[in-house]
Amino acid sequence: MSEKNIKGIKFGILSPDEIRKMSVTAIITPDVYDEDGTPIEGSVMDPRLGVIEPGQKCPTCGNTLGNCPGHFGHIELVRPVIHVGFVKHVYEFLKATCRRCGRVKISEDEIEKYSRIYNAIKKRWPSAARRLTEYVKKTAMKAQVCPHCGEKQFKIKLEKPYNFYEERKEGVAKLTPSDIRERLEKVPESDVEILGYDPTTSRPEWMILTVLPVPPITIRPSIMIESGIRAEDDLTHKLVDIVRINERLKESIDAGAPQLIIEDLWDLLQYHVATYFDNEIPGLPPSKHRSGRPLRTLAQRLKGKEGRFRGNLSGKRVDFSSRTVISPDPNISIDEVGVPEIIARTLTVPERITPWNIEKLRQFVINGPDKWPGANYVIRPDGRRIDLRYVKDRKELASTLAPGYVVERHLTDGDVVLFNRQPSLHRISMMAHRVRVLKGLTFRLNLLVCPPYNADFDGDEMNLHVPQSEEAIAEAKEIMLVHKNIITPRYGGPIIGAAQDYISGAYLLTVKTTLLTKEEAQQILGVADVKIDLGEPAILAPREYYTGKQVVSAFLPKDFNFHGQANVSSGPRLCKNEDCPHDSYVVIKNGILLEGVFDKKAIGNQQPESILHWLIKEYSDEYGKWLMDNLFRVFIRFVELQGFTMRLEDVSLGDDVKKEIYNEIDRAKVEVDNLIQKYKNGELEPIPGRTLEESLENYILDTLDKLRSTAGDIASKYLDPFNFAYVMARTGARGSVLNITQMAAMLGQQSVRGERIKRGYMTRTLPHFKPYDISPEARGFIYSSFRTGLKPTELFFHAAGGREGLVDTAVRTSQSGYMQRRLINALSDLRAEYDGTVRSLYGEVIQVAYGDDGVFPMYSAHGKTVDVNRIFERVVGWKT
C-alpha cells in the first residue's frame, strides 16, 4: 500500500449515481423483521448493510463485528424532495438563473469576464473569489429579464422551511421539487462555477433528492432492552417512515389516486426526509417517538454539547479518573491532594518491576485489591493480565514476580495525579498534585489553591486523573505541579496566596500591639514543619515578650528588602512613607519586618508586586511553596488561638451616631426636594448634552451617593479598629467597608441597568407611592440598614436590584463560554516559534513578536520585561 500525504479535504454533494454506486442494496420494504426475528432482506436492517452481532460475518465484506465498517444502501424516491440543508442555496439558484433557459441572468460578456477573474484568483485568494461570486449572485438576482433568451422573470418566494412559490401573472403557483429540479438541470457548468460552486462535486440539481442514501447498520445498531425486546435506533425509525410513505406514494400513483392525495403523500415524504436530516427545523413540528420524545436524527447527532464534534472528538470520556466532593484541609501541602482510600484502592498506576522495587511490589500483590496499599492486576511479560480478585494464593504469585512484570498498584502517597475543576476556563484549571491518601470520602484541597480552580467548598466536585506512563508523569512533574504555577500566565502575579482567615491571622499577628510569650510563640510555631530560631525577645522586662513581627521575620530570607503600603493604608490610616504611626506602611530590611502589617497587599492571592510575589520571583517557586506550607499555617494557628468572630454588636451603632446619620439623611432629603422643585419651576440648569430629566436624575444620584458615603464615613469613624468585621474589611480578608456601611448605616440607592428604579406601574414604581413621585424613596433609595431591617417597599426594591445581578451572571456565563470556544477553535493551531514569532500551522506569521513585546507574563515582572526600580532597590537599597 502506497503512502500519501493528505493535502486537504473537499466537501461536495453526493450525486444520485454516486449514491447508487456506493449502495449494496435498494431498500424497498418497510417491514424490518420476519416472524422469527430475522432481519428481512431489502429492509432498513438488511444484513448486507453491516454486522452488529458478535460472531456473525458480514455477507458483503466477509468481516466480523470489529472489522466490518458497514455498508450503505439506498432508497429510490418515487418523487424528488428538497434537501432541507440546501434550501438557501436552491433559493439563490432559482433567483439568480433564468426560469426558461437556466442561464445566470447577466450578459455573456460579463460571464466571460467574471469567469476569467474567478479562475485566476480562486486558488490564491479564496476569500476574494467568494466576494466575487456573491457580487455576481446579487447582480443576477436583480435582473427582471433574461439577457440570453429574453424571458420575463417572476418573483420567487420561499415560505420556510422548504416551500417555493412563483408570483406569475395568473396568480401565485407552488413550485414542486420536480419543477425546481428541472430548472436546475438546465444551468450550464460554467454558470454553476461563476455562482461559487464546483460543478464536478456540487451540481445544483443534486440538492433535490431523487435517491436517498441509507446509512450502515453499524451507525444505528438496535439494542436489546431488559425485557428482551429489541429497540431500534432513532435513525432506523425515521428510515422506516420514509420507506413506508414512499411505498404508499408509489401505490397511489400506480392506482391513479386523486392529485390531492398524491400531493399530501408527497408533502409527507418531504416532511419525513427533512426531519431525517434535521429534527429541529424552525416552523416544522419535530418527528416524535411513540412515547412523545423527539427523535434524535442526523443533525442532532452532530451539533451541540453532546454531539459528535464536541461530545466525542473535542471531549472524550476517559479511564483512570474519579470525581467526588472537595473539602478544605489547611494541613496538607499546597501541591498535595487528599485522596479517599476507596478511590486509592480503585485507581491504579502501572509500575514495572525492577531489582530495586521488587520487594515493595511483592508486598502490594500479597495485600491484593482490598487492602491498601495493594494491587489490582499483574501483567506478565507475554501481555497476559492476572486479576488479583480471583487469585487464591497471592503469596505464591508474588514469589514468581520478576523484572519485566508490570504491577497495577494502588495509588500511594507521593504519586503524581492531575486535578481539575470544571469549567476549565484557563490552563491552570488543571494542575498536578501529589497524592496523600486519607480517611473519608472527599478530596482534600489546601485552601490557598482555590483561586486557580475558582473552587469553594459549598458542594463543589472535582476530577482526578491518574497518568499511566512514565513520560506523562515526568511531564506533569516538570510543568504542571502546583508550585510551578503559583505565578499566573495571565498577569504575571501570584494567583495562589492568602485569603480570608490567612489574611486576618497575618494582620493580627503582625500588628504592633501583638506580644507573645515564649510558650505562645512556640505553640503557634509548632505547626510549621521547620526549626525556627526567634533570637532575642524584643521585650526583656518586666517579662520576656516576642513581637508577632519577629515570628514572621524568622521565615524571611536574610537578604530580602521591601517597602510599600499595606491594604489598611487608607482613609484616616493612610501612610505613604516609613514615618507611619498607624503601622500601615510595610518596611522589611535584611529579612526583618520592621514596620507595617501583613495583609492582602502583602500576601494576598492575585496581588501582583506584593511581598509574596517578590519572594517567589526572587527566591524560586519552591521557596514560595515552603513559605505557604509553613508561615501561612502559623497565621491560621494564631487566628485559631486568638479567636476571631463577628457578632451583631459589631455592626450596631450608638444613638449619637445614628442621630448624626439621620441629620445627614434629612439634609440630603431637603437637597433632593430643592432639586425637584427647581426642575418643576424650570430653574434647573441642564448638564451639557443631557435633557432636563436626565440632568435631574444625575443631580439626585450624586446627592444620594454622597449621602451613602457620608453615612459610611460616620459609621467607620465610630467603629473600633479591632472590631473583627472592620478588620476583615480593612485588611482585604473579606468584604469591604461598603458592606459594613450597608449593615450598620444604610443600603443606599438600588439600581437596575445603572439607573434608579423607574419601571413598575403606569405612573409609579409601587402602589405605595403617589403617581409621578420621583422622590428617593419612590425610586429605590433605601435609608434603612440590614441591622435595623428593611421596610416592605425597601425589600421589594432591594430584590429588584438583586434580581438584575442574577440575570446578568447567567447571561454573561453563556456568552463568555461561547466566545471562549470560538477563540479556542480559532487560535488552537497558533504557536510561538523559537524565533519569537507567532505562526499558524502553515508557517504564516501572525505576530512578529509574541504579544508584540516578546514577553511571557508568567516569567515577567507583572507584565514588564524588567522592573528596574526593584533591581536598583535590591542592589543599592532605597533612599529614606
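Yeah, the Cβs are placed from backbone N, Cα and C, and that goes for glycine too.
Taken from Swiss-Prot as is:
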- CYS58, CYS61, CYS68, HIS71: Zn(2+) 1 binding site (BINDING)
- LYS88, 92-95, LYS138, LYS303, 305-310, ARG323, GLN422, 812-822: dsDNA binding site (BINDING)
- CYS98, CYS101, CYS146, CYS149: Zn(2+) 2 binding site (BINDING)
- ASP456, ASP458, ASP460: Mg(2+) binding site (BINDING)
- ARG573, CYS575, CYS580, HIS582: Zn(2+) 3 binding site (BINDING)
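Candidate binding-site residues: CYS58, HIS71, CYS149, CYS575, HIS582. Nearest to LYS88 (dsDNA binding site) by Cα distance: CYS149. For ARG310 (dsDNA binding site) paired with ASP460 (Mg(2+) binding site), the C-alpha to C-alpha distance reads 24 Å. Rounded to a whole value, the Cα-Cα separation of CYS58 (Zn(2+) 1 binding site) and ARG821 (dsDNA binding site) is 41 Å. Counting in whole angstrom, CYS68 (Zn(2+) 1 binding site) lies 80 from HIS582 (Zn(2+) 3 binding site) by their C-alpha atoms. Considering only the binding-site residues CYS61, ASP458, ASP460, CYS575, CYS98 (Zn(2+) 2 binding site) has CYS61 as its nearest partner by CA-CA distance. Looking at CYS58, CYS101, CYS146, CYS575, CYS580, the binding-site residues in this record, the fewest other C-beta atoms within 10 angstroms of the C-beta turn up around CYS101.
Other than the site residues CYS58, CYS61, CYS68, HIS71, same-chain residues with C-beta atoms no more than 8 angstroms from the centre of those residues' C-beta atoms, the Zn(2+) 1 site, are ARG48, GLY50, VAL51, PRO59, THR60, GLY62, ASN63, PRO69, GLY70. Listed in sequence order, the residues VAL568, SER569, LEU574, PRO581, ASP583, SER584, TYR585 complete the 8 Å Cβ shell around the Zn(2+) 3 site centroid, once ARG573, CYS575, CYS580, HIS582 themselves are left out.
Close to the recorded Mg(2+) site, the chain also has ILE326, ALA455, PHE457, GLY459: residues not among ASP456, ASP458, ASP460 whose Cβ is within 8 Å of the site's Cβ mean position. The Cβ of ARG573 (Zn(2+) 3 binding site) has 16 other Cβ atoms within 10 Å, all protein chains considered.
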